[in-house]
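Student: Structure incoming, see below.
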Ligand code: AMP
């Protein structure tokens, strides 16, 4: 069987990232990105190449410059373009072949992700224009969590806010949670998606998830990616009355409060130093009190979230760490697990610290449920989901009704 090629595109508000992936492979064939789009400093770069300036380039200009770079890496035509889309609302419960209806749906969900969905759309429109003959697939960050039951996704608010205005918990990082849970099943010798997993995606954004037999049962992020865990610069959960309190006592308006909670809080706010876990670990080792507190709050709140999510599962087969922090910070894993003995989870300190960067591995002590460290690969998941969708549609077209 030939292993097909998929171009994965992640359009951000001022950037666009490209990854050429071969089916079944854990490594990209080629990657490139353009940054600072729509500014005089716009540029693109790729591993092994020097940065090239593209003054005032928009998403389409950037793609125009980047696509010819793929040519040297193509041993066959590209079978699909897979786009990461942040918010699919309730409409999109899985990947979709992009057509006018899907484009309108992504646009309709933009109020729920005003920074992300319009940027994703810019990437999609540019790719559709430049690669009109290749099927384009949208893979949604929220889709995996559409399996959550109402008791997990509803807020205790008047029904109208949900029914008319779509105010509910959606969850994000679905592509990552789905990918690592699948890998955990394979790594522990189970069938494809079998198992009851807790997963912690810890990068600049952080979320936790309870997954049963390949389905999300609950997750820490909500209507927006601000709810839940402490993150790099995001506060995670705070008292919902904080907005009113700050408005009343300090006279702050909504944009000021949004900036506080999204950009000035989390590890950065607590430490007064940095949003970067590596930097905080170094500072902690040198006795920096703020760094120590930030790491302690991060780990305690993560453990509390994971223990809470366990009630969404009939049992816990294991816990998965992923994302830049989850994959690389033995300290974060150890401190988090120090709060989870109540669940029978115990780490083997030697295994935890011996794990090499980029490697998957098991770090539990004897007798503990599995504790896995699994490098996430959202692009691979997007590529595989795009191909699976195309194959299914192909089959449906061939099978008479
Ligand atoms: P991501 O958004 O998944 O790229 O993750 C970024 C986060 O991972 C940042 O807070 C980094 O400091 C953190 N990170 C990456 N490598 C390490 C490491 N070796 N030790 C601790 N944190 C790390």
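Placement of Cβ uses the backbone N, Cα and C atoms for every residue, glycine included.
When I checked TrEMBL for this same protein, it listed these features:
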type	residues	note
BINDING	10, 378	Mg(2+) binding site
BINDING	17, 201, 202, 203, 204, 205, 276, 277, 278, 324, 325, 326, 327, 328	ATP binding site
BINDING	84	substrate binding site
ACT_SITE	141	active site, proton donor/acceptor
SITE	173	site 'Transition state stabilizer'
SITE	234	site 'Transition state stabilizer'
Student: Determine the most Cβ-crowded residue among the recorded positions 141, 276, 327, using a 10 Å radius around each Cβ and all protein chains in the structure.
Tutor: 141
Student: 10, 204: which of these binding-site residues has the sparsest Cβ neighbourhood within 10 Å?
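Tutor: Lowest Cβ count within 10 Å among the binding-site residues (10, 204) is 204.
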Student: Restricting to the chain of residue 84 (substrate binding site) and a gap of 6 or more, list residues whose Cβ falls under 8 Å of its Cβ, or answer none.
Tutor: 8, 9, 10, 11, 120, 139, 141, 175, 378, 382
Student: State the count of C-beta atoms found within 10 angstroms of the C-beta of residue 202 (ATP binding site), not counting that atom itself.
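Tutor: So the number of other Cβ atoms within 10 Å of residue 202 (ATP binding site) is 29.
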Student: Could you tally the C-beta atoms, other than its own, that fall within 10 angstroms of the C-beta of residue 234 (site 'Transition state stabilizer')?
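Tutor: Total other Cβ atoms inside 10 Å, all chains included: 26.
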Student: Grab the ATP binding residues from the record (17, 201, 202, 203, 204, 205, 276, 277, 278, 324, 325, 326, 327, 328) and give me their largest CA-CA distance in Å.
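Tutor: Largest pairwise Cα separation, rounded: 24 Å.
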Student: Cβ under 6 Å from ligand 1: which of the binding-site residues 17, 202, 276, 325 qualify?
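Tutor: From 17, 202, 276, 325, counting a Cβ under 6 Å from ligand 1 as near, the near ones are 276, 325.
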Student: Taking the Cβ of each of the recorded positions and counting other Cβ atoms inside 10 Å, which one has the highest number: 17, 173, 278?
Tutor: 173
Student: May I ask for the distance between residue 327 (ATP binding site) and residue 173 (site 'Transition state stabilizer'), taken between their Cα atoms and rounded to an integer number of Å?
Tutor: 16
